Amino acid sequence: MPFIIAIDGPAASGKGTIARALAAHFGFHHLDTGLLYRATGAKGGDPVLAAQTLTAGDLARPDLRSAGAGQAASRVATIPEVRAALVEFQRRFALQEPGAVLDGRDIGTVICPDAAVKLYVTASDQIRAVRRAAELGAHVGDMLGELQERDRRDSERATAPLKPAADAVVLDTTELTIPDAIARAIAQVDRARA
Ligand SMILES: Nc1ncnc2c1ncn2[C@@H]1O[C@H](COP(=O)(O)OP(=O)(O)OP(=O)(O)O)[C@@H](O)[C@H]1O
Ligand SMILES: Nc1ccn([C@@H]2O[C@H](COP(=O)(O)O)[C@@H](O)[C@H]2O)c(=O)n1
């Protein structure tokens, strides 16, 4: 039985940083599920058809990390048929041996409700905006508005809204360095594997 780690949380909270580090530490596969929605939004045309026909090339577009691609992703992510088109790929990915780490918004609640470890990674709005602004070379105020708008859309949508799973461990990275946040996540996984 593969070991599944589900990581959810709001935008720029540090999910991807922790997910990549856990995958490297434990030798697991990693899927950044946000990339599926970013690629769907960036493809244009009918979003449902875009999600149904995603290719490796779509996921390798160089413009997917932009704030605009994040906004487009969160709009198509409100469409139930788009989400449905992406479920099977994510669940199949999660079943790879020896284990997999998936990060997104609905991994612990919808995609992998039986995951062995569920982390809900969060941080204050302000610190997330500062970190994302540094990453993209953008203004903190612009990033703050962008993140808050996306979080609101993600939390308020009817299908698979952003929320912690009832059995998720909350990891607030506001006051944590990257190595400290990773160490806490590794400790949670070690505890579950013991
Ligand atoms: N604990 C931390 N301390 C300082 N910077 C951090 C910390 N965690 C992550 N970062 C930085 O914050 C930015 C956002 O982190 P990351 O991309 O991991 O977030 P995310 O939740 O995966 O974002 P998204 O929702 O857009 O996929 C990155 O530049 C990352 O290096
Ligand atoms: N499991 C997921 C993952 C992502 N989304 C939507 O995609 C947007 C971009 O995600 P990032 O992780 O790359 O920031 C995000 O704002 C969500 O709207 C999702 O719905 N479910």
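Using N, Cα and C of the backbone, Cβ positions are placed for all residues, glycine too.
Here is what TrEMBL records for this protein:
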type: DOMAIN; residues: 5-40; note: domain 'Cytidylate kinase'
type: BINDING; residues: GLY9, PRO10, ALA11, ALA12, SER13, GLY14, LYS15, GLY16, THR17; note: ATP binding site
type: DOMAIN; residues: 54-189; note: domain 'Cytidylate kinase'
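Feature annotations (TrEMBL) mapped to structure.
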residue	record	Cβ neighbours (10 Å)
GLY9	ATP binding site	28
ALA11	ATP binding site	24
SER13	ATP binding site	28
LYS15	ATP binding site	28
THR17	ATP binding site	18
Non-local residues, at least 6 beyond the ends, that sit with Cβ under 8 Å of the domain 'Cytidylate kinase' (5-40):
47, 50-51, 54, 58-59, 61, 64-65, 69-70, 72-74, 76-77, 82, 86, 89-90, 93-94, 96, 98-109, 111-112, 115-123, 128-129, 131-132, 135, 143, 147, 150-151, 154, 162, 164-165, 168, 171, 173, 178, 181-182, 185-186, 189
Got a sec? Which of GLY9, ALA11, LYS15, THR17, the binding-site residues, have CB under 6 Å of any ligand 2 atom?
ALA11
Apart from GLY9, PRO10, ALA11, ALA12, SER13, GLY14, LYS15, GLY16, THR17, which residues in this chain have a Cβ no more than 8 Å from the mean position of the Cβ atoms of those residues at the ATP site?
ASP103, VAL121, THR122, ALA123, ARG128, THR173
Across the whole of the domain 'Cytidylate kinase' (54-189), what does the mean pLDDT come to? Round it, please.
97
